[in-house]
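**Student:** Straight out of Swiss-Prot:
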- 1-21: signal peptide (SIGNAL)
- Cys24-Cys45: disulfide bond (DISULFID)
- Cys38-Cys63: disulfide bond (DISULFID)
- Cys67-Cys78: disulfide bond (DISULFID)
- Cys79-Cys84: disulfide bond (DISULFID)
Amino acid sequence: MKTLLLTLVVVTIVCLDLGNTRICDDSNIPSERTPKRCQGGYNICYKINFPTPGYELLQIKGCAARCPTNPRFPKAECCATDNCI
């Protein structure tokens with residue numbers, strides 16, 4: 001009985017991953033959501049909108065270790081909860 005209980009606890013810990021990984025949207029299409037589990041250490045979800053004249057809005061979304069910054073690109077929106085963007 002103790003062995004069964006211990007096995008269940010271990011399986012639960014492995015399956016739940018103790019909440020150490022973030023889930024972010026990985027789709028580059030604004031109206032589509034594609035949740036993706038981030039790698040360890042990547043705890044920020046980000047989204048960068050690129051205006052494209054005559055076309056739909058282009059987005060880049062994903063996981064990051066910190067909020068991306070680049071003066072040549074539009075400002076990134078960042079957050080630190082699952083599926084927040």
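Heads up, the Cβ atoms here are built off N, Cα and C, so glycines get one too.
Given the structure is predicted, the values throughout are model-derived calculations rather than measurements.
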**Student:** List which of the disulfide-bonded residues Cys24, Cys45, Cys67, Cys78, Cys79, Cys84 have their Cα within 10 Å of the Cα of Cys38 (disulfide bond), in sequence order.
**Tutor:** Cys24, Cys45
**Student:** Which one is it: of the disulfide-bonded residues Cys24, Cys45, Cys63, Cys67, whose Cα lies the shortest distance from the Cα of Cys79 (disulfide bond)?
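**Tutor:** So, of the listed disulfide-bonded residues, the one sitting closest to Cys79 (disulfide bond) is Cys45.
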**Student:** Could you state the CA-to-CA distance between Cys45 (disulfide bond) and Cys63 (disulfide bond) to the nearest Å?
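**Tutor:** Here the two Cα atoms are 5 Å apart.
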**Student:** Look up Cys24 (disulfide bond) in the DSSP assignment and reduce it to helix, strand or coil.
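**Tutor:** Looking at the DSSP assignment, Cys24 (disulfide bond) belongs to a strand.
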**Student:** If you compare CA-to-CA distances from Cys63 (disulfide bond) to each of the disulfide-bonded residues Cys24, Cys78, Cys84, which comes out shortest?
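**Tutor:** Nearest by Cα distance to Cys63 (disulfide bond): Cys24.
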**Student:** If I take the Cα of Cys24 (disulfide bond) as reference, which of the disulfide-bonded residues Cys67, Cys78, Cys84 has the closest Cα?
**Tutor:** Cys84
**Student:** With DSSP assignments reduced to helix, strand and coil, which class does Cys38 (disulfide bond) get?
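**Tutor:** Where Cys38 (disulfide bond) sits, the three-state DSSP reduction gives coil.
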**Student:** Pop the Cα-Cα gap between Cys84 (disulfide bond) and Cys67 (disulfide bond) into the table, whole Å please.
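**Tutor:** Cα-Cα, rounded: 14 Å.
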**Student:** Could you list the residues of the same chain, at least six apart in sequence, whose Cβ is under 8 A from the Cβ of Cys84 (disulfide bond)?
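**Tutor:** Those within reach of Cys84 (disulfide bond), by Cβ under 8 Å and sequence separation of 6 or more, are Cys24, Cys45.
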**Student:** Can you name the residues of this chain that are 6 or more positions from Cys78 (disulfide bond) yet have a C-beta less than 8 Å from its C-beta?
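**Tutor:** Counting only residues 6 or more apart in sequence, the Cβ neighbours of Cys78 (disulfide bond) under 8 Å are Ile44, Cys45, Tyr46, Lys47, Ala64, Cys67, Pro68, Ile85.
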**Student:** Just how many other Cβ atoms lie inside 10 Å of the Cβ on Cys67 (disulfide bond)?
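**Tutor:** Here the count is 14.
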